[in-house]
Amino acid sequence: MWENKFEKESLTFDDVLLLPAESDVLPKEVDLSVQLSEGIKLNIPVISAGMDTVTESKMAISMARQGGLGVIHKNMNIEDQADEVQKVKRSENGVISNPFFLTPEESVFEAEALMGKYRISGVPIVNNKEDRQFVGIITNRDLRFIEDFSIKISDVMTKEQLVTAPVGTTLDEAEKLLQQHKIEKLPLVKEGRLEGLITIKDIEKVLEFPNSAKDEHGRLLVGAAIGIAKDTDIRAQKLVEAGVDALVIDTAHGHSKGVLEQVKHIKETFPQVTLIAGNVATAEGTKALYEAGADVVKVGIGPGSICTTRVVAGVGVPQITAVYDCATEARKHGKAIIADGGIKFSGDIIKALAAGGHAVMLGSLLAGTEESPGATEVFQGRQYKVYRGMGSLGAMESGSNDRYFQEDKAPKKFVPEGIEGRIAYKGSLQDTIYQLMGGVRSGMGYTGSRNLEALREEAQFTRMGPAGLAESHPHDVQITKESPNYSF
């Protein structure tokens with residue numbers, strides 16, 4: 001040990017480039033899908049970080065529609081986080097197998113509150129919650145001129161000429177019925193009992209977002225962060241009940257006893273849910289998490305733009321080497337890793353994937369988009385969005401202190417491992433993802449990689465020094481117009 005103390009030399013994104021290779025692959029032909037776990041297939045290898053200025057339901061919905069995955073952060077109470085998951089799961093469906101419903105005796109106020117909370121335009125009405133015989137429907141059109149919201153639903157709901165379809169109706173058949181009768185919602189019934197629902201909005205979304213990442217029921221995929229705090233069991237239970245597809249045990253040091261015990265416990269309690277755990281930066285840490293029960297391991301200690309772990313704690317591994325070392329171990333287990341942090345350009349994404357990552361987790365590249373929950377502010381005439389690390393003082397005060405094993409400390413005693421800042425406003429997530437994936441596709445064309453597995457297995461790197469990095473960026477010219485995929 002002593003003799004080898006300084007033996008390890010590590011590399012990061014700016015130290016390497018991918019070698020171009022003979023190629024018969026065009027960028028538009030590459031396959032960006034990845035089977036992250038048995039239950040999760042993504043159509044792009046991108047996951048939005050579980051940070052309180054990056055991912056809530058709005059970001060997670062948009063990420064899944066683009067083919068990726070959003071991880072809802074945990075800096076909120078358990079009920080609110082479960083609600084955020086439900087918003088994603090109910091945002092669109094092929095067929096809604098467990099639709100919301102109300103009874104005629106409930107008030108119009110309850111119908112209005114339910115529609116407002118989940119942004120839906122109507123609710124089926126059943127005779128009672130046990131028999132669930134379909135008797136009517138109430139929509140936002142029925143509520144437009146109502147002044148007294150305490151009246152019963154039965155006074156305003158549509159009861160006559162109800163259009164229904166049997167269970168098993170396909171989306172194509174449903175679309176014809178919806179158009180024929182000029183309605184937006186088609187209840188699915190079996191012997192009069194409400195069993196499902198198909199809406200015109202869901203059909204339109206299927207056509208608008210054909211690349212969406214969905215579960216077996218046609219609902220958008222979503223993940224949620226949990227930690228190792230005392231309420232973790234209850235939080236995980238509520239998230240699973242809400243329909244979460246992946247639980248993410250999110251800590252600064254995944255190769256620690258408490259985290260490994262939590263991974264083992266959560267996997268034993270919820271074996272059907274994909275378990276992502278981290279963060280680690282060594283093969284040994286990766287092995288320990290897999291053996292504890294993790295399905296996917298998250299790699300990265302200190303590379304993030306808002307992370308100060310490496311300068312505060314003096315610990316970490318430059319990200320390309322960390323990804324490669326952890327991926328080498330992952331291959332032995334036949335499992336996936338996620339490269340989390342340090343990515344500044346689309347070129348860094350393909351480097352992380354070529355080094356062994358199955359997907360990347362992004363924070364700063366997405367924090368400036370319209371869909372992020374960070375506050376918008378104007379500075380020197382330009383729009384920005386607030387972006388902070390989960391190890392920053394503000395985030396720790398809001399609930400992420402257990403991530404850094406400081407849950408028992410008073411706020412004045414916190415030792416932050418992150419900063420708070422701002423990032424330029426970028427517009428829609430869809431445009432950002434388009435540019436990022438365009439860069440990845442271009443890179444795979446250069447390396448001759450038809451899919452991500454070929455990229456991982458066959459792509460080769462060359463090392464470069466500071467002069468090579470300087471040569472890689474625009475030089476000897478003054479940039480006069482911003483590019484949508486480059487700023488330095």
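All positions are counted from 1 along the displayed chain.
The backbone N, Cα and C atoms fix where each Cβ goes, glycine too.
What you see is a predicted model, and the numbers here were worked out from it, not measured in a lab.
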In Swiss-Prot, the IMP site includes S305, D340, G341, G342, G363, S364, Y387, R388, G389, M390, G391. Which of E261, E268, E284, E417 does it also list there? E417
Tell me which range among 71-92, 467-488 Swiss-Prot lists as region 'Disordered'. 467-488
Just going by other Cβ atoms within 10 Å, which of the binding-site residues D250, E471 has the emptiest spot? E471
Distal contacts, the region 'Disordered' (467-488) - CB-CB under 8 A, six or more residues away: 14, 17, 345-346, 424, 431, 435-436, 438-439
Collapsed DSSP category at Y387 (IMP binding site): strand
Would you mind checking how many other C-beta atoms are within 10 angstroms of the C-beta on S472 (K(+) binding site)? 12
Number of helical, extended and coil residues in the region 'Disordered' (467-488), per DSSP: 6 helix, 2 strand, 14 coil
In whole Å, how far is G391 (IMP binding site) from D250 (NAD(+) binding site) when you measure between their Cα atoms? 12
Want to know which recorded positions, from C307, G341, G389, G391, are within 10 Å of I301 (NAD(+) binding site) at Cα; which are they? C307, G341
